[in-house]
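Participant: Found this in TrEMBL, in case it helps:
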SIGNAL    1-21  signal peptide
DOMAIN    122-214  domain 'SH2'
DOMAIN    240-493  domain 'Protein kinase'
BINDING   Lys268  ATP binding site
Amino acid sequence: MGNVFLRVWAYFKLCLPCVSEDTTDSPVVIVNRGAHHAPDPPQSLKQKPIILYFVALFDYEARTAEDLSFHAGDKLQVLNTSQKGWWWARHLEKEDSSGQRLEGYIPSNYVAEDSSLQAEPWFFGAVSRADAENQLLYPKNQTGAFLIRESETHKGDFSLSVLDGKVVKHYRIGRLDGGNFFITPRKTFSTLNEFVSYYSTISDGLCVRLGKPCLKIQVPTTFDLSYNTVDHWEIDRSSVQLLKRLGTGQFGEVWEGLWNNTVSVAVKTLKPGSMDPKKFLGEAEIMKTLRHPKLIQLYAVCSSEEPIYIITELLRHGSLREYLQIDAGSKIHLAQQVDMATQVASGMAYLELNNYIHRDLAARNVLVGEHNIYKIADFGLARILKVDNEDMYKMKDQEKLPIKWTAPEALQNNTFSIKSDVWSFGILLYEIITYGKVPYSGKTHNEVVLMLRQNYRLPQPPNCPQKFYNIMMECWHENPKERPTFERLHLTFEDYFQADLYSEGNNFIR
Ligand code: ATP
């Protein structure tokens, strides 16, 4: 994966007094809320009932009789935005048999206001550098494929990512005081559209001339099954068909299912007695509000009788643990391992920001989707499962139990915190770098607890770079307060290779 980040911004800041000064050195919040979250209605729509036109960014297939199907590029008129995440819209190009324009609910994160920046095929919103690389490296994109994204580290700035052969290169787009955009100050543009038009005709210092916009391969997750499960997400279990068993965990089975004959979902069926339904519903209430592209979305539950069903987003490639083990290092290399760590840290930074604790972070609870997407599952569930530490020691499948992932203070006093999650993240890094090896292999849980009391830490695995191991060791600091935040961990992994370039003195590389 090409990780050459072009630090032209730093260079021009040095050379040009007229460039607006950005002194943001402190860590910034990197949580990826922007493009993936159900946007609030545009201000103009909230205020007065004027007609607003939207353009579809992705294909959408109706899930209920009240939904409206559309294709990417279709024009829609939004008529009502009162339902969060789902708007009532009129299709401007499709009519029913009586000549009436078709109307129905649409997911609001599938459309953008016509002629807005968000509607441009090359604008990808708040996409991270690693995700931009994954999307550009999709085989159907060719040299010159590009996207413009909002910078995560410099709020309000934009970055250009371009595919050059097999390498993705990134340019920070500078702004003059007057707001003009530039890569080099000898050529500035009043809009990003002008910027794109210019570099589509001539490379003028870029690695290549801009070609086609990057294909939008990642269809966003809707946050609900449909408009009518937004508030009523206790659903009838007869609306869910269980199609194929995907796996079995300590507390039940996971099935691939189909809701309403239209939406593919994952269904976790909990063994009777493993959870108090009331407690579960209380927690699910919070889990439902957590929305982030690196977290598995909770869609709905069937909790009125046992077994409880937890209905979530489906990720096709199953758990990260198995994914790492199957490949065992023949195809997965350091860049992808760092990407896994970056994506998980991004999701955890969101939980951190929302004061939420996972309690069972491990490779078995990270799921793998299409196009190298990794998402965190089962957050919060551990708190309400009817298991205490005593039981954990006694349980049969020692390999899967979280003792070896749990921070010493959580084992000793049951004090779970986001910092005990950071400890678990360190163990997850061990799993990533060893291709799914069980930590403290061959040791019983009691032995591990004793070893940790004596300040023992997992040794550096043979193929693990020192830099990667140093991060693991920071996560295992005895004092929870000294462990890094997930925000910091995200930035560290996001810049993992970039930092190497700096240390070699390369501030801007082409
Ligand atoms: P434990 O119960 O100890 O947490 P586990 O995480 O392996 O173990 P489950 O969460 O029940 O157990 O998951 C069992 C398997 O089902 C996973 O390993 C994974 O392969 C599959 N699975 C779980 N959730 C999903 C999902 N949302 N999409 C696709 N596959 C899933």
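Glycine is treated like the rest: Cβ placed from N, Cα and C.
Mind mapping these onto the model and telling me what they sit next to?
Facilitator: Broken down with DSSP, the domain 'SH2' (122-214) shows 18 helix, 31 strand, 44 coil.
In the predicted model, the domain 'Protein kinase' (240-493) shows an average pLDDT of 88.
Reduced to three states, the DSSP call for Lys268 (ATP binding site) is strand.
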Participant: What number of additional C-beta atoms lies within 10 angstroms of the C-beta atom of Lys268 (ATP binding site)?
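Facilitator: Summing over all protein chains shown, Lys268 (ATP binding site) has 23 other Cβ atoms within 10 Å.
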